[in-house]
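K.L.:
As annotated by TrEMBL, domain 'Nodulin-like' applies to 16-263. If you look up TrEMBL, you'll see 17-43, 63-84, 96-120, 175-195, 215-233, 239-261, 369-387, 402-424, 436-457, 463-483, 495-518 marked as transmembrane segment. Sequence annotations record features per position, and here TrEMBL assigns region 'Disordered' to 279-301. The compositional bias 'Low complexity' annotation in TrEMBL covers 281-293. The domain 'NFD4 C-terminal' annotation in TrEMBL covers 363-557.
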Amino acid sequence: MARTTRERVKSFINNRWLVFVAAMWIQSCAGIGYLFGSISPVIKSSLNYNQKQLSRLGVAKDLGDSVGFLAGTLSEILPLWAALLVGSVQNLVGYGWVWLIVTGRAPILPLWAMCILIFVGNNGETYFNTAALVSGVQNFPKSRGPVVGILKGFAGLGGAILSQVYTMIHSSDRASLIFMVAVAPSVVVVPLMFFIRPVGGHRQIRSSDATSFTVIYAVCILLAAYLMAVMLVEDFIDLSHSIIIAFTVVLFAILLVPIFIPIATSCFTASTDPCDTLEEPLLGDQQGQDPGQSTTPDHGPELIFSEVEDEKPKEVDLLPAVERHKRIAQLQAKLMQAAAEGAVRVKRRRGPHRGEDFTLTQALVKADFWLIFFSLLLGSGSGLTVIDNLGQMTQSLGYDNTHVFVSMISIWNFLGRIGGGYFSELIVRDYAYPRPVAIAVAQLVMSVGHIFFAYGWPGAMHIGTLLIGLGYGAHWAIVPATASELFGLKKFGALYNFLTLANPAGSLVFSGLIASSIYDREAERQAQGSLFNPDDVLRCRGSICYFLTSLIMSGFCLI
């Protein structure tokens, strides 16, 4: 009995589902950047910034969230728990110092120094994202779309979760939200960081995995629906503090539900169905080799990835997975024999082929890589501009409770990531379409959302946050999965973190240059000849504030 218990504990600790659940919890604190729309008004008023200065802080935040070269490099050199610890320290120092300045506990620094602090604080997110995604795609190599979608989804939902916790704290000091942003990630990440690691997940496939993913999806949908309902109730009804505490307790209970999956698979499957564990081969991982290495002494990768692609009939891609693999294996064997006899001359191409492991340098010379990058720049860059400026957008249209729309866009962002991962997987597996088709659909949805923001129709804020949140979130489920399929898993951390640079690049163009200039110009025009307070010079009113900016972003999404 003691030996059985010990084996169950070992199975639980090394269970890929435990790593996945721990990564979900960490990711729920990795979306602190999405709260910038809630903390920016208090920074603006406390430090007397104009919109252009605030936009520069927003760009610094986006750079911090996206410049993950160091995180990607450290994830290849250090264990993932060490990378998570570095991220926690950066987040605490960066946002903690901002809180000290805003509350008057530390001297006010020049704008460039504030940008550095915001950058450092938000850069901690890149360590959380990299560690969670690297462990996820390595432990679930054949379920990358759903895994990436769920993990990125929880990062998008982090803003709504922390907003609910802030509501429960019931603080009259708006700066306390900055303090929570500084402290909360460390409180969650440090206890969980040793669970985030590759555990040979491709050898842990079980027949119950489909059910486990269904449970995770159900929890995700329940969580989003619950947060939306709670947010609307708190917005329209004046609730007592005890009821808000009860709502928050139920929220944490829902977040704890996924832990029963690794408990069940470790305690019950291990004892009742010992033969249920199969091996889920990595792409390109054959006969125990490293992904992308040769399967024959002379012609391995060229023969498998180049000749087979040239010789196989097109209808092979439309066959069911088992039959497709069987046909490709037969064709592969014939080509190997023909090559050995000299009947086929194997093509020699320098560098890896699609699906093999690329280094960052090798990927940078591929058109596919830059198409993904610029698509992200135009699509997710415009979405991030909306998220960063949501506080000012809601105020310009006459809404006071900016945190409501920040929470709403976090929820739609979450559902976009979950849905983007799920439906892009269906497109690839069931219909044999390339995964980037889903990116095109997401950008079309975002284009319509920008039009709603431009014209400021009744209900435009609600519909706009819905469409922008869904479209923006879908990008971050589809793109990492696409990159790992095209360029391999070995250097995934570096590849992913380079692609995320498209986010701040787009934000710099749309928010730092276009949106802030148009906003300040319109605010100054409205202030001329008016009897506003001096502070009101910095505030623009009406849909005109973001009309031209939103139309520009809508056009670029269509491109």
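Positions of Cβ are set from backbone N, Cα and C atoms, glycine also.
Nobody curates TrEMBL annotations by hand; they come from automatic prediction.
Given the structure is predicted, the values throughout are model-derived calculations rather than measurements.
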K.L.:
Take a look at 215-233, 239-261, 495-518 and tell me which one has the most Cβ pairs under 8 Å to the transmembrane segment (63-84).
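P.N.:
It is 495-518, which has the most Cβ pairs under 8 Å.
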K.L.:
What average pLDDT is reported by the model for the domain 'Nodulin-like' (16-263)?
P.N.:
86
K.L.:
Short question: which residues 6 or more past the ends of the transmembrane segment (175-195) have a Cβ under 8 Å from it?
P.N.:
13, 18-19, 22, 25-26, 28-30, 32, 35, 38-39, 42-43, 46, 80-81, 84-85, 87-89, 91-92, 94-96, 98-99, 102-103, 121, 124, 128, 131, 162, 165-166, 169
K.L.:
Quick one: find which recorded stretch in 17-43, 215-233, 239-261 has the most Cβ pairs under 8 Å with the transmembrane segment (96-120).
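P.N.:
Answer is 17-43, with the largest number of Cβ pairs below 8 Å.
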